[in-house]
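If you check Swiss-Prot, you get these features:
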BINDING   30-33, Lys51, 87-91, Gly415, 479-481, Asp495  ATP binding site
Amino acid sequence: MAAKEVKFGDSARKKMLVGVNVLADAVKATLGPKGRNVVLDKSFGAPTITKDGVSVAKEIELKDKFENMGAQLVKDVASKANDAAGDGTTTATVLAQAIVNEGLKAVAAGMNPMDLKRGIDKATVAIVAQLKELAKPCADTKAIAQVGTISANSDESIGQIIAEAMEKVGKEGVITVEEGSGLENELSVVEGMQFDRGYLSPYFVNKPDTMAAELDSPLLLLVDKKISNIREMLPVLEAVAKAGRPLLIVAEDVEGEALATLVVNNMRGIVKVAAVKAPGFGDRRKAMLQDIAILTGGTVISEEVGLSLEGATLEHLGNAKRVVINKENTTIIDGAGVQADIEARVLQIRKQIEETTSDYDREKLQERLAKLAGGVAVIKVGAATEVEMKEKKARVEDALHATRAAVEEGVVPGGGVALVRALQAIEGLKGDNEEQNVGIALLRRAVEAPLRQIVANAGDEPSVVVDKVKQGSGNYGFNAATGVYGDMIEMGILDPAKVTRSALQAAASIGGLMITTEAMVAEIVEDKPAMGGMPDMGGMGGMGGMM
């Protein structure tokens, strides 16, 4: 085990504070409408340019182990805020820096760190409750666009496209962000249920110009196993041929003789048919087949429930208005399922989303929910260069998280004003002793930090602006983009309540822990001696005759 270095008291806290300030100073330069960019060096390829707080924080690693601990703890604040609300990372970092700086001053003056922390915690609970009261529901497209615009660093086109996407696919819908190929942002919406499985044979294609197989008013056969024997399928194929309707087969796989027979029947025009693999794997595949069955009013042919392929009839088949299959995707449009069954399935999936602890499972369940209840929208980000594209894509993703948070918990006035207004919650708040009162007062000052930083980044005098905003009431605040005072909500400067709340909670939690630090332990870095040079090879005698 390597030897460790231990620092105590003030010397430990001073080192930690250096790390906190280095990281926070780099991150806070990006805050507000006039925040600057940060350039991040990459070991390969072009540098990344970003205004995203958490991206900057993740890149910072300091040489001194003790300073680095401070930096890593603040990085954790940004990550926590990002995980909770998907945005507000810079605000959280600025708040944490203010809490730690104010707190360590009080500790140096001889205050008890544990009581300071209790005071901070008390004040945080009161401010969070006040923020929830200040929040107004965010339902209309205009408010959603404004939230998206602010989060995307005042880029109106991004706010607009996100609001449009949300309007089209609803609150339950899935919105994904991809890199586009043009200069402009594009929005495409997939109607119906789409899953990432294409046709099993190109011979099913009946639209050569788009290389797609389109089936109008098809029947759907859903099978939870591999089909390789055509004999099992003959009864259902004959029934479909008599009905004179196209057939889509969704199975674990269709191979060998069964696939060849389907292709021949399709080419001869006996039965218009197409086959695709079922989406997902394992238990998720079963669940998705069941989703398709409920959406189309069919039944999954599975031996688990005592149904065999030979015994399948037209009653077991699902119905849809149209199915489009290309090389990669299958889209089922207007399934004929019973609305009450679909709603019951949606409720069941929502319950699973609440109960799951895995982020991956939650994401997959959300996708299933969107396919049943809403739809899927894809925002393709356009830019002139790859560097700009990456920076813009990160902003679109941030804005998307912010708008989702706004729909969830409502909006508050932006520009750091909500936190200043929430201070009224701790006007008469008293702790159990004088030191807790100092903790409450300390948070009162720290909460002004985001507004001060936004103003400083815009080149104005923070103290003057904070004083004027405090004299106002309600939504009155300072628009740093234009330098005008007024009603923040009317000016379209909104923040999601969830983002502001998560930022404060993350900052107070980790800031409080840092104040109460008394000792720090780190490994001693040993300077390894340089490697010795190569030994002398001596003369290459005896080679003279080779000329």
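Placement of Cβ uses the backbone N, Cα and C atoms for every residue, glycine included.
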- [ ] Give the sequence-ordered list of residues that share a chain with Gly88 (ATP binding site), lie 6 or more positions from it, and have CB atoms under 8 Å from its CB.
- [x] Ala81, Asn82, Ala402, Asp495, Val499, Thr500, Ser502, Ala503
TODO: Using all protein chains in view, find how many other C-beta atoms are within 10 Å of the C-beta of Ala480 (ATP binding site).
DONE: 27
Task: Least surrounded among the binding-site residues, given as Thr30, Thr90, when other CB atoms within 10 Å are counted - done: Thr30
Open item on the list: Can you tell me whether DSSP puts Asp495 (ATP binding site) in helix, strand or coil?
Closed with: strand
Open item on the list: Using a 10 Å radius around its CB, how many other CB atoms surround Asp495 (ATP binding site)?
Closed with: 31
Open item on the list: Please report the three-state DSSP label of Thr90 (ATP binding site).
Closed with: helix
Task: Collapsed DSSP category at Gly32 (ATP binding site) - done: coil
